[in-house]
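The block underneath contains the structure these notes are about, expressed in structure tokens.
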Amino acid sequence: MLTVPNVPYWRLSSFYFFYFALLGCISPYWGLFLDERGFTAQQIGELMALFGLVRIIAPNVWGWLGDMSGRRMPLLRLGTAVCFLIFMNIFWVDGFMAMATIMIGYGFFWAAVLPQFEVITLNYLQTQTDHYSKIRIWGSIGFAVFVLVLGWVFDHISVANLPVFMLILLAAIFVSSLTVQGRFQVGEHDETNGFLFLVKHPAVFAFLLAGFLMQMSHGAYYTFFSLFLEKQGYSKSMIGFLWALGVVAEVLIFLVAHRLFAHVNYKTVLIVSLLLAAIRWWFIGNFSDVLWLLLIMQLLHAATFGTMHAVSMYYVHRFFKGRHQGQGQALFSSVTYGAGGALGAWIAGHVWGWDQGVSMFELAALSALLGAAIAWFGIRR
């Protein structure tokens, strides 16, 4: 149990559970859904890139509004409600432009959700941010549960039913948000340096660039991993199991992350996470037909997402304080998951046709390797 007083552990945790359960619908199965709807690999890559491009701009808009107004929870609830209303139209859209419109609109308001909630959670934790993983772990559990369940479900019904599950989870996210109150801002107006001054600091720039390259390397994974495995002959149940295995490894690392950071400095964890990502992508691209090796590579998700995310939250909270917290979270989200994810998805979609996915994972490995080098030379600790 958390040692920080007045932390609504289960209310915060339930929000993460439902939020990442929704990602457990999107990451493994959205590409399969689009494929089922008749989109080509290049179109799927472009749609995911558009979704990512929106996340370059939108988080900064919502982050600025959150910092200026201090009303993070109302903004979060607004974003969730509008996402639900926009996504309801998915059943009636047809064609690339219509689908792109839905994804862009959804992506803009979806960007209001997680960065705001991360600030609220970290403010509840105050100085004990090493306990963040104890709350965030429930997001990983939600992701794993829905990946496994939907893998089994879609072996029996069409993946075209995916939006039904997503709408249910959007409603659950909204209800969960009603149970959490916004937390006070620590040192809200005591910073002497402006936001742009902080961003231009070499260590901040290096951290953001390393995060950008890490998420760019994940573009192939999040967009095409399920389709890649399906082409290799894996069933949807096995695909769901492989996704869930990665998240189980992530859960386990979250359980011990606070002990890990007590003995290993954050920079080392960041670099090792990037190096393991390079290894993971190369082996997935070249040995996906070797099941035991694929299982091991999925366990590396503990590093490529688990420790990478935990250490990123530490750096964001360290670099951006007080009234800059929302903009800092938004900037991190837009640069990494937005720009990095968009470019990675776009490249993967265009490279897929070369050799059915092998080269896109090799390029992903190079991206992560470059990120490790930048972190090594650009961040002191």
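For all residues, glycine too, the Cβ spot is worked out from N, Cα and C.
The annotation domain 'Major facilitator superfamily (MFS) profile' is assigned in TrEMBL to 203-381.
Among the features that TrEMBL reports, transmembrane segment is placed at 12-32 (among others).
The transmembrane segment annotation in TrEMBL covers 44-63 (among others).
Taken from TrEMBL, the feature transmembrane segment covers 75-93 (among others).
Below 8 angstroms of C-beta separation, residues 2, 4, 6-8, 12, 15-16, 19, 34, 37, 39, 47, 50-52, 54-55, 58-59, 61-63, 66, 72-73, 75-76, 78-80, 82-83, 86-87, 89-90, 93, 131-132, 135-136, 173, 177, 180, 182-186, 313, 317, 325-326, 329-330, 332-334, 338 of the same chain, each at least six residues beyond the ends of the transmembrane segment (99-125), sit close to that stretch. The annotation transmembrane segment is assigned in TrEMBL to 99-125 (among others).
Outside the transmembrane segment (137-154), and at least 6 residues removed from its termini, the chain residues within Cβ reach (under 8 Å) are 13-14, 16-25, 27-29, 32, 161-162, 165, 169, 236-241, 243-244, 247-248, 250-251, 254-255, 306. TrEMBL lists 137-154 (among others) with the feature transmembrane segment.
Summarising the annotation, TrEMBL assigns transmembrane segment to 160-180 (among others).
Annotation comment: TrEMBL describes 192-214 (among others) as transmembrane segment.
A Cβ distance under 8 Å defines the sequence-distant neighbours of the transmembrane segment (234-257), meaning residues of its chain 6+ beyond its ends; these are 24, 27-28, 32, 130, 133-134, 136-137, 140-141, 143-144, 147-152, 154-155, 159, 225-226, 294-295, 298-303, 305-307, 310. Under the heading transmembrane segment, TrEMBL lists 234-257 (among others).
If one looks beyond the transmembrane segment (264-284) by at least 6 residues along the same chain, the residues whose Cβ comes under 8 Å of a Cβ in the stretch are 207, 210, 213-214, 217-218, 220-221, 225, 293-294, 297, 300-301, 303-304, 307-308, 310-312, 314-315, 361-362, 364-366, 368-369, 371-372, 375-376, 379-381. Per TrEMBL, transmembrane segment is recorded for 264-284 (among others).
Look at TrEMBL and you will find 290-316 (among others) tagged as transmembrane segment.
TrEMBL lists 328-348 (among others) with the feature transmembrane segment.
The transmembrane segment annotation in TrEMBL covers 360-379 (among others). Under 8 Å from some Cβ of the transmembrane segment (360-379) lie the Cβ atoms of residues 202-203, 205-207, 209-214, 216-221, 224, 267, 270-271, 274-275, 277-282, 284-286, 304, 344, 347-348, 351-352, 354, all in the same chain and six or more residues away from its ends.
Per-residue pLDDT, averaged across the domain 'Major facilitator superfamily (MFS) profile' (203-381), gives 90.
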